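Participant: So that we are looking at the same thing, I have put the structure below in structure tokens.
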Amino acid sequence: MSRYLLPLSALGTVAGAAVLLKDYVTGGACPSKATIPGKTVIVTGANTGIGKQTALELARRGGNIILACRDMEKCEAAAKDIRGETLNHHVNARHLDLASLKSIREFAAKIIEEEERVDILINNAGVMRCPHWTTEDGFEMQFGVNHLGHFLLTNLLLDKLKASAPSRIINLSSLAHVAGHIDFDDLNWQTRKYNTKAAYCQSKLAIVLFTKELSRRLQGSGVTVNALHPGVARTELGRHTGIHGSTFSSTTLGPIFWLLVKSPELAAQPSTYLAVAEELADVSGKYFDGLKQKAPAPEAEDEEVARRLWAESARLVGLEAPSVREQPLPR
């Protein structure tokens, strides 16, 4: 029997080391134990993946959670799941289609009318590397949903967020933003040959630029805004890439994926952290990679690009009277 002890001990050591390495590489659990009783939280794209897990985490902490999703059947099912698991009955589903400016305006109008406050807005929903689709209003899908939809939604809810201050806005970006570039001559991919990867990277860079500019405009308001990269997660977001479902991925790359790819539960920890951590109460305009604050790509910190993107985004979504007043941009 003793001859098996050494191999078993070695195997256990290796397995333990692998688990510790995975925890180190993929981040870890939200270090904050703060609760949010009585606070109203909106999570977009919360019917599945990171969004659902984020809503679950915040429901456990006592929040009044609003799941904002396009597919109401899935959204209602997710809300029911979360209520059952957390015994928090203040979890509700609302319809929001970020590919429709009309839907965004209708959603915001109902929130403003029916909700006493909005303490936390988590712009989680996203589209990744889809075919060359367009939104209801004719925008390239990834730029339209990932950036423009959340840009409009956030601006429409700013007065409610300011009235609820201190409040927080969390924008989910991606490490892919470092490969992005804002092409002001063709934001909508009307003249260039469509490149779904480049379009995705552009949309994620736009989110970080939006975060930076919004933070500047919100100084002194009691509302903070930060962007984050949640990590690579095994969710429906990557369904258009095909990589998670391929035989090559599941066999040859299996060990690497196990090490680097997060579960939705783990990928929801950064959003949870930015939403509740007391030590982040006054942190704004920053970019987080997982649970750690890091410098974004150089273009993401270009103030002139951020101002120009804001002005163009406002024009595209018809935001004639932004909630946050600003001096005219220099010509």
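Using N, Cα and C of the backbone, Cβ positions are placed for all residues, glycine too.
Per Swiss-Prot, the features are:
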- Tyr200: active site, proton acceptor (ACT_SITE)
- Gly45, Ala46, Asn47, Thr48, Gly49, Ile50, Gly51: NADP(+) binding site (BINDING)
- Ser174: substrate binding site (BINDING)
- Ser2: N-acetylserine (MOD_RES)
- Ser323: phosphoserine (MOD_RES)
Participant: Could you tell me the C-alpha distance between the residue listed as 'substrate binding site' and Gly49 (NADP(+) binding site) in angstrom, no decimals?
Facilitator: 15
Participant: Which residue, of the binding-site residues Asn47, Thr48, Ser174, has its CB surrounded by the fewest other CB atoms within 10 A?
Facilitator: Thr48
Participant: Using a Cβ-Cβ cut-off under 8 angstroms and a sequence gap of six or more, which residues of the chain neighbour Gly45 (NADP(+) binding site)?
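Facilitator: Gly45 (NADP(+) binding site) has long-range Cβ partners Gly51, Ala68, Cys69, Leu98, Asn124, Ala125, Gly126.
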Participant: Ranked by the number of other Cβ atoms within 10 Å of their own Cβ, which of the binding-site residues Gly49, Gly51 ranks first?
Facilitator: Gly51
Participant: Take the Cβ of Ala46 (NADP(+) binding site) and count every other Cβ within 10 Å, whichever protein chain it belongs to.
Facilitator: 33
